[in-house]
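Visitor: Take a look at what Swiss-Prot says about it:
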| type | residues | note |
| --- | --- | --- |
| ACT_SITE | Glu80 | active site, proton donor/acceptor |
| ACT_SITE | Cys112 | active site, acyl-thioester intermediate |
| ACT_SITE | His234 | active site, proton donor/acceptor |
| BINDING | Asp28, Cys112, Thr153, Thr201, His234, Arg243, Asn266, Ser296 | (3S)-3-hydroxy-3-methylglutaryl-CoA binding site |
| BINDING | Arg199, Lys239 | CoA binding site |
Amino acid sequence: MAGIVGYGAYIPKYRIKVEEIARVWNKDPESIKKGLLVYEKAVPSLDEDTATIAVEAARNALKRAEIDPKDIGAVYVGSESHPYAVKPTATIVAEAIDATPDLTAADLEFACKAGTAGIQMCMGLVESGLIKYGLAIGADTAQGAPGDALEYTAAAGGAAYIIGKSNVIAEFNGTYSYTTDTPDFWRREGKPYPRHGGRFTGEPAYFRHVINAAKGLMEKMGTKPEDYDYCVFHQPNGKFYIRVAKILGFKEEQYKIGLLTPYIGNTYSGAVPLGLSNVLDNCEGGERILAVSYGSGAGSDAFDITVTDRINKVKDKAPKTAYYLERKEYIDYAIYAKFRKKIKM
């Protein structure tokens, strides 16, 4: 089957702590941190958006893939925060990495799983022989209304994956999706901030879809949790991630490397791609990964992945995810509000 030829991450350097947001709204930061298992989040600068994040991640993926960008036959950017309502982010990325003009490109939307949907689309095109390589990116600059619970977690970041058949660093053994019409989270056209169903986003939405997708794939592959060295799940907060991992039977040593939300917040479409990139940074050949995304509305994509020995040849050819996790500068709420354009004149 098709596999990952190159991967790359990008996280903005600015951070705001839960304590700073809670101070402004006169909330108890300790109860928020305990309830969400989130301590700080990544904030995009004034000159950063989904397009710039996607370009940086794509360039890092190309460094590891060591391919001619002209051989990329498809570019898909999954996000719920594309900078233009009518103007594709994917064409900006394709032009920036010198992949144009002989390719197809499109923007994808499915809440937080649009990036993994792009990976599946690239897998199909590569497997069919229609393209040699495909580039799938999950990136977001998520927003939460001032004072809303989402403001403590809605963050920015993304990761890119080049899919192909030759010189793969990780092989896709299989994929499985679970999808229903579940309105747990939404944003109307023209509205700046999303609305959500509060606790309804848990059991009937996130947990139902992630668990069923994971179980469906393991049944399809004939595997059990102990057959995997690592697992990565969508992470709207740290609590949901750990709980779903334990429900499915995974242990801390399997899930901890993919858990990034406590330190950068929920990067939405970038969440599973970034968690997976950190796992790949720490993998060895022969190790196996289960990755399961989730997008409100609602659906989950699950992937069974086996890492090849080539991983050690490419890990250090681009900045690792840990570099972006450690590269940070703290800002206060005033700067955060300025960067995120929360002050309307």
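Keep in mind that glycine also has a Cβ here, set from the backbone N, Cα and C atoms.
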Visitor: Can you name the active-site residues among Glu80, Cys112, His234 whose CA is within 10 A of the CA of Arg243 ((3S)-3-hydroxy-3-methylglutaryl-CoA binding site)?
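Guide: Checking each Cα against Arg243 ((3S)-3-hydroxy-3-methylglutaryl-CoA binding site), there are no hits.
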Visitor: According to DSSP, which of helix, strand or coil covers Lys239 (CoA binding site)?
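Guide: DSSP call for Lys239 (CoA binding site): helix.
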Visitor: Hey, of the recorded positions listed (His234, Arg243), which one tops the CB count within 10 A?
Guide: His234
Visitor: What residue among the recorded positions Asp28, Glu80 has the most other CB atoms lying within 10 A of its CB?
Guide: Glu80
Visitor: On a count of neighbouring CB atoms within 10 A, which of the binding-site residues Asn266, Ser296 is highest?
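Guide: That would be Asn266, with the highest Cβ count within 10 Å.
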Visitor: Just checking: which of Glu80, His234, Lys239 have a Cα that is within 10 Å of the Cα of Asn266 ((3S)-3-hydroxy-3-methylglutaryl-CoA binding site), counting only these recorded positions?
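Guide: Of Glu80, His234, Lys239, within range: His234.
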Visitor: Over all shown protein chains, what is the count of other CB atoms within 10 A of the CB belonging to Lys239 (CoA binding site)?
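Guide: Here the count is 17.
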Visitor: For the residue listed as 'active site, acyl-thioester intermediate' and Lys239 (CoA binding site), determine the Cα separation and express it in whole Å.
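Guide: Taking the Cα atoms only, the residue listed as 'active site, acyl-thioester intermediate' lies 17 Å from Lys239 (CoA binding site).
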